[in-house]
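Quick look at what Swiss-Prot lists:
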type	residues	note
TOPO_DOM	1-157	topological domain 'Cytoplasmic'
REGION	19-30	region 'Interaction with calmodulin'
TRANSMEM	158-178	transmembrane segment
TOPO_DOM	179-196	topological domain 'Lumenal'
TRANSMEM	197-217	transmembrane segment
TOPO_DOM	218-345	topological domain 'Cytoplasmic'
TRANSMEM	346-365	transmembrane segment
TOPO_DOM	366-395	topological domain 'Lumenal'
TRANSMEM	396-413	transmembrane segment
TOPO_DOM	414-801	topological domain 'Cytoplasmic'
ACT_SITE	ASP451	active site, 4-aspartylphosphate intermediate
BINDING	ASP746, ASP750	Mg(2+) binding site
TRANSMEM	802-820	transmembrane segment
TOPO_DOM	821-831	topological domain 'Lumenal'
TRANSMEM	832-852	transmembrane segment
TOPO_DOM	853-872	topological domain 'Cytoplasmic'
TRANSMEM	873-895	transmembrane segment
TOPO_DOM	896-907	topological domain 'Lumenal'
TRANSMEM	908-929	transmembrane segment
TOPO_DOM	930-947	topological domain 'Cytoplasmic'
TRANSMEM	948-969	transmembrane segment
TOPO_DOM	970-979	topological domain 'Lumenal'
TRANSMEM	980-1001	transmembrane segment
TOPO_DOM	1002-1025	topological domain 'Cytoplasmic'
Amino acid sequence: MSNLLKDFEVASKNPSLEARQRWRSSVGLVKNRARRFRMISNLDKLAENEKKRCQIQEKIRVVFYVQKAAFQFIDAGARPEYKLTDEVKKAGFYVEADELASMVRNHDTKSLTKIGGPEGIAQKVSVSLAEGVRSSELHIREKIYGENRYTEKPARSFLTFVWEALQDITLIILMVCAVVSIGVGVATEGFPKGMYDGTGILLSIILVVMVTAISDYKQSLQFRDLDREKKKIIIQVTRDGSRQEVSIHDLVVGDVVHLSIGDQVPADGIFISGYNLEIDESSLSGESEPSHVNKEKPFLLSGTKVQNGSAKMLVTTVGMRTEWGKLMDTLSEGGEDETPLQVKLNGVATIIGKIGLGFAVLTFVVLCIRFVVEKATAGSITEWSSEDALTLLDYFAIAVTIIVVAVPEGLPLAVTLSLAFAMKQLMSDRALVRHLAACETMGSSTCICTDKTGTLTTNHMVVNKVWICENIKERQEENFQLNLSEQVKNILIQAIFQNTGSEVVKDKEGKTQILGSPTERAILEFGLLLGGDVDTQRREHKILKIEPFNSDKKKMSVLTSHSGGKVRAFCKGASEIVLKMCEKVVDSNGESVPLSEEKIASISDVIEGFASEALRTLCLVYTDLDEAPRGDLPNGGYTLVAVVGIKDPVRPGVREAVQTCQAAGITVRMVTGDNISTAKAIAKECGILTAGGVAIEGSDFRNLPPHEMRAILPKIQVMARSLPLDKHTLVNNLRKMGEVVAVTGDGTNDAPALHEADIGLAMGIAGTEVAKENADVIIMDDNFATIVNVAKWGRAVYINIQKFVQFQLTVNVVALIINFVSACITGSAPLTAVQLLWVNMIMDTLGALALATEPPNEGLMKRQPIGRTASFITRAMWRNIIGQSIYQLIVLGILNFAGKQILNLNGPDSTIVLNTIIFNSFVFCQVFNEVNSREIEKINVFEGMFKSWVFVAVMTATVGFQVIIVEFLGAFASTVPLSWQHWLLCILIGSVSMILAVGLKCIPVESNRHHDGYELLPSGPSDSA
């Protein structure tokens, strides 16, 4: 099978267009192309979207480079005049929405200057740049200037899915057969008897179509909900005089938005103020170089990303008037990329479908030949009646129905169903799966490279210890007793409040609230405990320049001017890095004294001591300058003020989650920017760093020769002081060694590693929009235990699909062979078209619902990972498929060829009674085998069964409908009511398959590291549900 599937391989992430086109061209037999490829990407649409995107990007380039220059020379009178409408005037505004949109879209600096810059626009939209929009005005602003929402494609109706299900070519052929059968039947047998066969087929087709459409419609609603969740972005704005967080969809014209590294620009707008703002416009214009935005070039476009710096912007245009909104409106949905499992199972379906087509043709040919031979023997070869035509039509319907049963198109669709179910459950468990393949791939992961802060720890940081003036002070509940001189205290408060990117605001109840990163919040809270006041500090100093924190420099700097005209630079960051920038230290009198080698060594010991207690350490430093530097702020000559130790407690349950991963064969590696002592202390507390494990610094790792790096990689459990490039190198090399790597990230610089990994996991709280966009899964609560839950559900998806494949292939084999052999030997098929359609629904839609939606049990995380190279259909599965198929073929074969004698069936209705028994026994074999398929290797198949209400409901419905078909729908399904003895016999024949399953599972099959994920029998421990 593996050799046959060589054309059905795609990369687990970002598959090439050529690979997708190759495997689709390999799918030679497709019953319903629209349905089979509906839940995955539409290659034509993707190509069309790319073409449109390029055209729009080219137009935007023209705007940037031609129109921008042209406006320098165009007379203002030639520009379009925008007349102010009464509605706008009545609302208290003095500028039209289209005028604002045109100004920003065309980068019309002349019009902006004429209006009066950001301040002038603020006046025209009746907003204060300091206070922001008033909440009471939101409704009127949305009414006049629009909402910040893009036009959504209308949801497809249920009838669309019904129509799609009807596109199945084999069902269409059967409908034609049914209509002809009704016509011929009524002509020969009269009304209503002549309608039964054809009407039975039509009713079966309607049932199949409705169940299929309902299943697909529910899936589409789930994906639509998930898509809406993906588009939720929280941004920071100033409203009612305070900084607050709002949804991107609640943004209005006039809002003052705060932007920082990694943010998405949420609407079109104008730069108000900021520092070193660089914007990545590649998603909009295609330009790879970042654009520098400042007061001279103040225009910001929706959909672009903040690559560096920070700023405040005034929103001028929202929703469909923005350039991004127009782009989104132009592009149609292209759908999801295929998951590797979908591709592989499409291959399996195609190969089996071709085999089934061969069997169907052979069955039809054999039945026709036997019929012709019988007529020739009877001497009536030249005499043909409408009854003969009806017989041939029945033969053709049986052949077509064999194709319906033979092509297991439910295989790839079961993957979608299972993934959709898992994605919905994970959503309630605080994990948003952005790409289908991620959930599937996560089940195969062999290692997780995780951040520390916020993922392993709570991200609720507090300053726990501080070193200042050669003394270590520890936090006593909510207070610090530092006993500092006024001069030292003032310098420390300055170093805290001047060098921050966060805000201290009052909430509606008047309580102090700190908005910003957890580290910033901890330091500002420390400053407030010292009695500092943010507003006072901001009034006394003017910020001249900011160099924001990033993962490479591991420090943040700010340049300020005092009221007296002095220029002072403040810096804070990783202790061992910032300490090297210091030449002096503040003494107890607030004076700067030289920093000797001995003192540096002493301070380094303090830092090491803090770190060994799992405290994050930061140095706060400053330096006075004669004048403001033109370029970057200095990297030396600073005076050390204090070393703070920040406590970030380990999350409850993380140690247990790490142990779960280790039991599951998943290696957990911690990759952090903290120093190695802090990293090791946290890693030991979490259970990550074990005996024999290696903790290494990023600088040492990146300088290793290739052969040494390969040798040490399997042992690395902690990487400290790492750069984003180190994380990318680690992930890349682990993948080269055959590992399936999941990696977490929250910063903009983590994007390459998230993109490189098999599964990128972005943090929902601490993560930037750039990180989220490059991730496959967003961990909404930033919790490591949630990551483990994603892995558990990924394994459940993989194993559930294995169960379904085992079940469906068994039905395929038996249905094909029993009808073919019977046709060859007896000249008739025991299973009619209506019966085969019912069997098809049992094994396709209902089987997928029952087996592909089983929730995970704890035992899944006690098994080795599947890995990258495992065969999907394992030896254990083949053993079960072959064993069950042989049993069913033997039993049904005996009934078919000797059933009348064994059961002592006589009389004119003996044949239909026997065929009903065969059909009923066949269905009950599948019912019991579906229960068997809940476990591939474990004997106890009932464990946790009643916790899966979907499975129980499907089993109950299947048995209930089978009783109705046999007892009450005989005219349509070619069955007759059975005696209780015959019912007992059918159930007994089906139940024997469960005893057989126990025996089969005791037959050892060769195992390897990457088996199907189940404990080997009989020694495997029992799972707890």
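Here the Cβ of each residue, glycine as well, is placed from N, Cα and C on the backbone.
Since this is a predicted model, take the numbers as computed values, not measurements.
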* To do: Take the C-alpha atoms of ASP746 (Mg(2+) binding site) and the residue listed as 'active site, 4-aspartylphosphate intermediate' and report the distance between them in angstrom, rounded.
  => 8
* Let me know how many other Cβ atoms fall within 10 Å of the Cβ of ASP746 (Mg(2+) binding site). => 26
* Using Cβ atoms only, state whether the transmembrane segment (873-895) and the transmembrane segment (802-820) have three or more pairs under 8 Å that are 6 or more apart in sequence. => yes
* Rounded distance in angstrom between the Cα atoms of the residue listed as 'active site, 4-aspartylphosphate intermediate' and ASP750 (Mg(2+) binding site) -> 10
* **the transmembrane segment (802-820) and the transmembrane segment (908-929) contact flag, 3+ Cβ pairs under 8 angstroms** => yes
* To do: Using a Cβ cut-off of under 8 Å, list the residues of the same chain at least 6 residues beyond the transmembrane segment (948-969) that approach it.
  => 200, 838, 842, 846-847, 849-851, 853-855, 916, 919-920, 923-924, 927, 930-931, 934, 975-978
* **Same-chain residue ranges lying at least 6 outside the topological domain 'Lumenal' (179-196) that approach it to Cβ under 8 Å** => 202, 385-387, 389-390, 393-394, 397, 971-972
* Asked: Near ASP750 (Mg(2+) binding site), which residues of its chain come within a Cβ-Cβ distance under 8 Å, counting only those 6 or more away in sequence?
  -> SER551, PRO724, LYS727, ALA762, ALA771, ASN774
* Structure fact -> Spatial neighbours of the topological domain 'Lumenal' (970-979) not adjacent in sequence (6+ beyond its ends, CB under 8 Å) are 196-197, 199-200, 203-204, 832, 834-835, 838, 909, 912-913, 915-917, 919-920, 986
* To do: Please indicate, using numbers and ranges, the residues of the same chain that are 6 or more beyond the topological domain 'Lumenal' (896-907) and have a C-beta under 8 Å from a C-beta there.
  => 818, 822, 825-826, 830, 913-914, 917-918, 982, 985
* Structure fact -> ASP451 (active site, 4-aspartylphosphate intermediate), Cβ-centred 10 Å count of other Cβ atoms over all protein chains shown, is 26
* Excluding the flanking five residues on each side, which residues at least 6 beyond the ends of the topological domain 'Lumenal' (821-831) place their CB within less than 8 Å of a CB in that stretch? -> 363, 366-367, 370-371, 374, 398, 815, 839, 892-893, 896-897, 914-915, 918-919, 922
